[in-house]
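Chemist: What Swiss-Prot lists as compositional bias 'Basic and acidic residues' is 365-378. Annotated compositional bias 'Low complexity' per Swiss-Prot: 379-388, in sequence order. Feature annotation from Swiss-Prot assigns domain 'PH' to 266-361. Among the features that Swiss-Prot reports, domain 'Arf-GAP' is placed at 399-521, with the record citing sequence analysis. Among the features that Swiss-Prot reports, region 'Disordered' is placed at 365-390, 520-576. The annotation repeat 'ANK 1' is assigned in Swiss-Prot to 642-671. The repeat 'ANK 2' annotation in Swiss-Prot covers 675-704, and the record cites sequence analysis as its basis. The annotation repeat 'ANK 3' is assigned in Swiss-Prot to 708-737 on the grounds of sequence analysis. Here Swiss-Prot flags 414-437 as zinc finger.
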Amino acid sequence: MKVTVDFEECLKDSPRFRAALEEVEGDVAELELKLDKLVKLCIAMIDTGKAFCLANKQFMNGIRDLAQYSCKDALVETNLTKFSDTLQEMINYHNILFDQTQRSIKAQLQTFVKEDIKKFKDAKKQFEKVSEEKENALVKNAQVQRNKQHEVEEATNILTATRKCFRHIALDYVLQINVLQSKRRSEILKSMLSFMYAHLTFFHQGYDLFSELGPYMKDLGAQLDQLAVDAAKEKRDMEQKHSTIQQKDYSGDDTKLEYNVDAANGIVMEGYLFKRASNAFKTWNRRWFSIQNNQLVYQKKFKDNPTVVVEDLRLCTVKHCEDIERRFCFEVVSPTKSCMLQADSEKLRQAWIKAVQTSIATAYREKGDESEKQEKKSSPSTGSLESGSETKEKLLKGESALQRVQCIPGNAACCDCGLADPRWASINLGITLCIECSGIHRSLGVHFSKVRSLTLDSWEPELLKLMCELGNDVINRIYEAKLEKMGVKKPQPGSQRQEKEMYIKAKYVERKFVEKQPAAAVSPLESRTKVLPQSQEEKRHSAPEKSFLAIEQGAASPRVRSSDSGIQQSVDDSREHLASTISANSLYEPEGEKQESSVFYDSRQLNPGLHLYRAAFEKNLPDMAEALAHGAEVNWVNMEENKATPLIQAVRGGSLVTCEFLLQNGANVNIRDMKGRGPLHHATVLGHTGQVCLFLKRGANQHATDEDGKDPLSIAVEAANADIVTLLRLARMNEEMRESEGLYGQPGDEIYQDIFRDFSQMASNNPEKLNRFQQSDSQKP
């Protein structure tokens with residue numbers, strides 16, 4: 001309620017003035033009580049809100065812990081992390097709201113009470129004091145006798161001075177009242193308006209935040225619906241399988257009895273057996289036994305290192321034991337000791353005895369073949385299928401994938417945080433990672449990083465060789481080029497996961513630390529290729545190589561290149577022979593005088609796609625990684641070179657590792673050039689057996705025909721390349737077998753898998769054995 005005190009009434013000091021003062025003073029006292037109460041309620045609200053934010057933050061930490069626990073499930077980890085980050089932003093918005101509430105309500109209203117109302121109270125005290133003095137002066141003036149002239153003058157002077165002081169203080173008091181009445185409205189409304197604007201900002205920020213999250217939540221909902229459908233289908237399948245298993249007759253043994261001498265994981269047979277201890281009590285303990293790598297080993301728990309019972313099965317024998325009380329026993333005897341074992345049934349005992357005997361025979365056979373294979377290794381006419389067992393033996397006895405990869409410069413520590421002894425790798429980037437950073441990489445998606453264990457997963461030879469061609473030092477020189485310049489601190493092994501995650505996303509997803517390429521000083525069309533005229537003599541000599549992008553030998557990049565070779569050609573002789581071979585196949589004929597040799601600019605002047613295209617031919621893996629970091633499209637098409645792709649260029653360059661690198665980074669194995677030839681066509685024409693094997697394993701379409709109506713098989717038959725013909729026919733036969741067996745057929749014939757595995761091993765470790773096509777022709781007069 002607004003009450004205005006009139007200045008005229010103030011001078012009169014009338015009863016109306018006194019009544020107005022009394023009303024104003026009561027109103028101000030009530031206002032003070034209301035404001036004090038509101039401030040206390042505001043403080044309680046802010047404290048409660050901060051407690052809510054603290055509890056909410058603890059809840060967010062719980063979600064993050066759950067996300068970290070689910071690091072092996074990319075869907076759960078990614079979504080929980082994103083949701084926790086969003087809710088953390090809402091907590092921040094709540095804290096901002098409470099801070100603004102404290103400033104707008106608590107601070108402003110407390111200031112009004114402590115300053116403005118306090119001034120009113122001080123003015124009231126002075127007014128009451130001078131009013132009392134005036135009343136005393138009036139009473140004294142009235143009591144003075146007429147005949148006492150001296151007292152009359154003194155009383156009159158005091159009364160005059162008191163009235164003058166009263167009027168001055170009364171006017172100040174009235175002014176303070178009117179100012180307070182006017183100011184309180186603006187102060188109260190201003191604080192409330194500021195409070196409401198704080199809420200407006202809070203809800204607006206929340207709306208914007210969840211508007212961005214909306215499509216993501218919608219996509220997740222669709223994924224959950226699909227997961228529910230898949231879960232229902234899996235449940236039905238499991239119930240059906242459960243019913244089928246229940247209907248089977250398990251009156252006999254319920255343990256798998258098969259053994260496989262050529263198992264991919266090297267384990268011939270495994271299962272539980274009782275083992276008699278060698279102590280004085282001869283106790284029997286149940287352990288998990290396995291036959292692997294020509295050894296008999298056992299372990300109690302999976303995390304325990306296997307205990308070797310027999311180091312070399314060739315030095316032992318196995319026999320039945322019928323002279324002891326326990327049933328189903330057999331004994332494995334070596335020159336130094338014997339081991340008494342017991343199976344659960346007679347069938348299992350016979351299976352184990354047969355598995356040990358077969359493993360002994362296999363070990364002797366492999367040992368006997370070693371000398372013959374060593375002799376055949378030096379012969380140029382050695383069959384391509386003869387070295388498969390040798391290669392497998394070499395890998396079994398050689399260094400492990402972990403040892404080979406970690407010996408590359410920089411690979412002994414995590415590429416992103418520096419933790420020692422990393423046991424995970426990103427195979428498309430070519431780096432080693434610790435387990436925490438590998439979980440973050442896995443959350444990025446396979447289009448950014450493909451994570452694999454160096455100790456738990458199997459490694460194909462071409463992939464292992466790719467890891468040895470790159471390494472942390474090479475990749476960090478590309479992806480951390482501007483790290484010091486930008487002043488960014490690299491995470492340490494002890495850094496928080498959130499800090500590592502932000503750094504890894506900035507490094508590989510946003511590529512913030514990659515050195516930007518300077519703008520080329522040529523037009524976009526000219527930046528693709530620069531054509532230089534050549535003499536007729538130069539054209540004649542370079543004609544066979546025009547399809548290879550015809551890069552001059554002197555223009556080779558000085559940077560590090562892959563040591564991999566798919567064709568084992570020398571600098572001069574093999575190129576000349578290869579050109580004549582290609583001409584004989586009539587698939588790479590010159591297209592008249594229009595084709596000319598192309599010379600590239602420095603890589604800094606190339607667009608990323610052309611940079612990748614050039615580096616793929618030159619077998620320059622660091623340059624290829626740099627081009628991808630600069631945004632090169634892995635399936636970039638060079639319109640000036642018959643729509644060839646980097647993968648086709650890698651085939652022409654003759655590097656198996658380069659092809660593997662492009663495939664790991666998403667290269668399409670079936671994209672064809674202007675003449676209808678894909679990578680498989682080009683590899684077949686050039687006689688690159690290892691590349692043909694790689695492309696077939698990656699799903700290359702061998703039925704596709706080029707503009708001449710030739711598929712890869714007809715090209716290989718025409719060129720009389722026995723190895724490639726064998727691979728193509730085996731792949732086609734395996735494909736037909738799978739189609740005939742239907743959905744539940746076997747994934748592939750064992751012979752097919754063994755042969756392709758042998759070819760992969762030879763292409764990576766002994767490529768010279770796959771070059772019979774070139775070698776036999778070069779020996780012709």
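Placed from the backbone N, Cα and C atoms, the Cβ positions cover glycine too.
What you see is a predicted model, and the numbers here were worked out from it, not measured in a lab.
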Chemist: Can you count helix, strand and coil residues in the repeat 'ANK 1' (642-671) using DSSP?
Modeler: 17 helix, 1 strand, 12 coil
Chemist: Go ahead and report the DSSP secondary structure tallies for the repeat 'ANK 3' (708-737): helix first, then strand, then coil.
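Modeler: Helix, strand, coil within the repeat 'ANK 3' (708-737): 24 helix, 0 strand, 6 coil.
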Chemist: Could you tell me how many residues in the repeat 'ANK 2' (675-704) are helical, how many are strand and how many are coil under DSSP?
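Modeler: Output for the repeat 'ANK 2' (675-704) reads 17 helix, 0 strand, 13 coil.
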Chemist: Taking the repeat 'ANK 3' (708-737) alone, what is its mean pLDDT?
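Modeler: Averaged over the repeat 'ANK 3' (708-737), the predicted model reaches a pLDDT of 86.
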